[in-house]
Every structure is written in structure tokens, then in C-alpha cells.
């Protein structure tokens, strides 16, 4: 059984039908989250929120995109690798379905109430928080199913091991956030630290390294052990560099860890060159190179001042991570190109929401820029809509 996954690069297309309903449901989640994003841009331009609040719409958008698209899509791709080689995935499938479902269920509570309790009859219930806690236990269950079966597979799973550990460890930030709120710790360093620990380990440890691990597994590429070790070490405290409210000394510690992680991740990405599309390669490479620049204090403070974090996250998650998700699911050709190109345009459309816009804005440019901000957000969902309704045509 230990050699069962060797030389399995040819099995990509044969695994496509597995968990296909779950995969299409994640595409629906992407479309709904994208719809919230489109509304958010429209409301920012028009000023009409139709009774909703910016923070709540943002939470609904980001949580659905994370819960029912990004994390669930990764779990589907990993489960497909198991299924392609005779491993039972029933437990994983249940976790995947619950993850997608709970993500959908969070959308309305976040949209209307955010993190505040919803009034149900005479009581106030923190629905969003309850659902977010439940999904954490779904992740724990998925991790348990993985490690129970991991011993049957080959040694090439080290990056995936780190990703699944990241799936567990990132939730520590969510738990700490709850503890800090309960203790009424007003210092933003504590609250922001917990949030950034969650998001950084989830994004870098679970999704990014996890995707690299899936590519390595599919293509039979051995990532050097020293690269895996360095990336793991870098993950530990790299989130500290993102704490704008923290003293510089704390951020510099995070910068050292972020530098180690970025160098290791670039090394892993280089080892995978030729095994992923040039689109994902360029997008992820650019994102990691920006990490290296960000650890330089003057550049760090300049980027913070320009408020480019939203732009960066959209770049990482759309042209980078989501393009690679689609590629690993079997999407090729013009649809992959269209998704990447439209994602790049969407990222450019975030500039009017950043601190860079006042330097670019002018009387003549403003109407065109704001129109582009809205129009550019339609591209990726249109491409995914075409994928959702395709019937056996060439991708």
C-alpha cells in the first residue's frame, strides 16, 4: 500500500467525477460570495446599502468564500486523491458536505447581523459565532480522517501533513479571539493578533502549502525536506508582521519568520515549475516576492499607509489560489485563461478602495475608475458560471 500513489500524475482526469456534486456546490458558493462582493462595490460607489452595513456584507462575503469555497475546495481535491487510489472517503465526504453547508448557513446571519447576536423571538442568539464554531469541529473531524488514513500512503505527503496541521492550529487564533473578547481585552494587538494568526496560518499553512502538496502528489515531485521544515518554522510567528498596531520590535520578529516562510515557499514553488500553469505560477510567485519586500520596514510602513492589504489578499486568493484550484480540478484552456485574466482585472478594481487611489484620482479619472471597480468584479463569476453549466464540453 505504501507505493500506491507513486507515479500518479496521469490520474487527474479520471478523478474528476468524484465528489462532482460537492465541487459544483462550491462553485455556487463562489458565485454567491462574488455577488456579495459586487453589491459591496456598487454600494461603496452609490452610497446606498439598502439597510445593510459594510462590515456585515464584508463578513458575509469573506466567510462564505473561505468556508464554502477555499477550504472546502481544498478538502475535495485532497479527498479525490485518496479516492483515485482506492481509499475510502465517506468520512471525508461527510465533512466536506457539512463544511459547504455551514458556510452557506453563515451567509444570512453575517449579512444582517455580522458578529452581533440575532434576535430570535425574545432572545438574542449569536448565530454567526455558533456556526463558525461548528465548522471548526468539522475541520477537526476531517483532519482526523486524514491522519487515520495517511499511514497507508507514501512519504510525499509532508506538505499536506503541514497543511492539515495548519487546519487545526489556525483555529487557535479563533479560540483566542473569543477568549480576549470574554476577558474584555481592549488592546487591539491582542484582537488583531488572534485574527491574523488564524488568517495567516489558514492561508499560508493550510491552503498555500496544501496546494503545493497536492501538486507535488499529483506530479510525483519530491519537495526537499529542508524546504518543508523551513516553511513550517516560518509559519509559527509570521503573522506578527501584519500587526500594524504592534510595536516595531514585535513586527520585526514577525518579519524574520515571514522572510523564512516566503523563501521556503518560493523554493517549493520553483520545484513545481513545469507542473502548474504559468498563470498560477506567476500569481503565486509575485505574491511571495511581495512578502519578501514587505519585511523591509520602510516598504512595510509604506504598504500599510496605502492600505493595500485587500488588494493583496484578492491577488493571492483569485489569480493565485483559485486559479490553481481550478487547474487541479481539471480546468484547462480558455476558461482557465479567462478566469486568470478576469481575476487580475478584479484585483486592479480594488485600487479605488485603497489608499493608493487619492494619488491616482482626478476629475476625469474618477468616474471611469469607479465604473471599472464595479464592472471588473463580474468577470470571475461569469467564468465559473460557464463551468457550472458546461456539459462535457472542452474546458
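All residue numbers here begin at 1 and follow the chain in the order shown.
Cβ coordinates are placed from backbone N, Cα and C, and glycine is handled just like the others.
Annotations in TrEMBL come from automatic prediction, not curation.
What TrEMBL says about this one:
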TRANSMEM  21-44  transmembrane segment
TRANSMEM  64-83  transmembrane segment
TRANSMEM  95-115  transmembrane segment
TRANSMEM  127-147  transmembrane segment
TRANSMEM  159-183  transmembrane segment
TRANSMEM  195-216  transmembrane segment
TRANSMEM  228-246  transmembrane segment
TRANSMEM  252-272  transmembrane segment
TRANSMEM  279-300  transmembrane segment
TRANSMEM  312-331  transmembrane segment
TRANSMEM  338-357  transmembrane segment
TRANSMEM  369-389  transmembrane segment
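The transmembrane segment (95-115) and the transmembrane segment (21-44) are in contact, since at least 3 Cβ pairs between them lie under 8 Å (pairs 6 or more apart in sequence).
The transmembrane segment (159-183) makes no contact with the transmembrane segment (369-389): fewer than 3 of their CB pairs lie within 8 A, with pairs spaced 6 or more apart in sequence. Under 8 Å from some Cβ of the transmembrane segment (312-331) lie the Cβ atoms of residues 12-13, 16, 23, 30, 65, 69-70, 73-74, 76-77, 203, 207-208, 211, 214-215, 218, 276-277, 279-280, 283-284, 286-287, 290, 339-340, 343-344, 346-347, 350, 380, 387, 395, all in the same chain and six or more residues away from its ends. Ranked by number of Cβ pairs under 8 Å to the transmembrane segment (195-216), the listed stretches 21-44, 64-83, 127-147, 338-357, 369-389 are led by 64-83. The stretch in 228-246, 252-272, 369-389 that contributes the largest number of Cβ pairs under 8 Å to the transmembrane segment (21-44) is 369-389.
Beyond its flanks by at least six residues, the transmembrane segment (228-246) meets 158-159, 162, 166, 173, 188-189, 192-193, 196-197, 199-201, 204-205, 209, 253-255, 257-265, 267-268, 294-295, 300, 304, 309 of its own chain at Cβ-Cβ distances under 8 Å.
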